[in-house]
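*Asks:* Please find one structure pasted underneath; my questions will follow.
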Amino acid sequence: MFSRRKLLSDSLLLLAAKVGGIGVQLVTTIFLARSLALEAMGLYALFYTAIGISRAAGPLGIDQASTRLIAMAEAGNHTRVSHISLAGSGLTLLMGLTLGGAIWACSEFSGLLNAYSPTEMIIFSVGIPVFMGIGLLLGQIRGMGHNLLAQAPDALGLHVLLLIQILFLRADGALTLTSAMASLAIAGWAVFIFQCIVRLNLGKLFLGLPSKHTIRELITEGLRIFQAHFLTVATTNLPVFFAAALAGPAAVAIFEIARRFGNLFSVLTSSIGATYSPSFAKFSQSGETQRLKRLILDAGMLAGGAAFIYAVLIALLGKHVIGIFFPQSYLAAVQPMVIIAVATAINATFSSVSTCYLMSGRSHIVRNFTLAAFGIVCLISWWLGPVFGATGISIAIILSRLTRDGGIAYHFWKRSR
């Protein structure tokens, strides 16, 4: 049974978990920046970004497709829930093993990624696939209506486990690029194992093998979502690789501090979007437009209000925070950090509309606007990046957010009048 109050309650609880996770990320990043050289911090940032891409886009949209299809079937068709879950798990496992093997092959045979040691490439190979699994299981569990249980381990637990390891390593004088990467991979495996236990306890699993029709449906739906979602992920994360290409790992470290802290409230946006997505799917299917509009407003006000407050605080206090907690070499991150915080607030305000479109089978609309944003971030980054560095790339980010999120919101409200 739908409860708007429960959705708001779950969102607020998840907000608390996300805020806790943000604080833990802040402390972790401070310790890493104080312990690692700029170049090593930049290489860690590239690994962290690759992890994020694999988690968000690695399952090829099957995670979000699972959320949508399970949410529509969960109430009365346990067999279908089981088939969707098994098909999604099998497909994601296959993709994870393929990606892990491809990364290993790059390090062994092609000479790519030679800035990392062989041990670090092994961590790459075993770390990225498990984060794909985290994304899939999160989608399945929230599709069954357990939003808080699905997201809290990833939002807070992962970062707590990582920080604990970083503190022990630093106290022992053993905090290096390799050990930091290994700590992130270990934290990911711990969260993944916990999610597996949760999913098994929820049941509605192993009720026969999925049919070819179910597998095709999941792949087709997933690829539709992936077309839009991958462009979003690429638009968000590509600037990190632009920074690496333009100026090397040290520039990545500076840009990563700006991006990490300017973009912190994006985790709130994704959390709220994930909480509301099953309801978006149900009400889109039933054609309840007014309820959809109310939910979109709720989600936008909740996420956008908090994100804009954070952007103001960053503008007022960012320089002092960087000066107090980070080495002086990171002061160049202040200006791009403020710009990225404003861009994140824009995304937080309007992104619930794109989530609604993804959950209602209209991913092509999101794809088209995201493609435009992708083009803007590429062109502006290559134009302004060499001249203004991280600040130029952050300008590209805010212009791309206005194009994508503002454009999609305008499209929705124009059509729903």
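Every residue, even glycine, has its Cβ placed from backbone N, Cα and C.
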*Asks:* With the ranges 12-37, 376-401 to choose from, which does TrEMBL describe as transmembrane segment?
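*Replies:* That would be 12-37, the stretch labelled transmembrane segment in TrEMBL.
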*Asks:* List, by number or range, the same-chain residues at least 6 past the transmembrane segment (228-255) whose CB is under 8 A from its CB atoms?
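*Replies:* For the transmembrane segment (228-255), the sequence-distant neighbours (Cβ-Cβ under 8 Å, at least 6 residues beyond its ends) are 33, 38-43, 45-46, 49, 52-53, 56-57, 61, 64, 115, 266, 329-330, 332-333, 336, 354, 358, 363-364, 366-367, 370-371, 373-374, 377-378, 381-382, 385-386, 389-390, 393-394, 396-397, 400, 404.
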*Asks:* With Cβ-Cβ distances below 8 Å as the criterion, list the same-chain residues six or more beyond the ends of the transmembrane segment (180-207) that contact it, or say none.
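*Replies:* For the transmembrane segment (180-207), the sequence-distant neighbours (Cβ-Cβ under 8 Å, at least 6 residues beyond its ends) are 32, 36, 44, 47-48, 51, 74, 78-79, 81-83, 85-86, 120, 123-124, 126-127, 130-131, 133-134, 137-138, 140-141, 144, 146, 149-150, 153-154, 157-159, 161-162, 165-166, 169.
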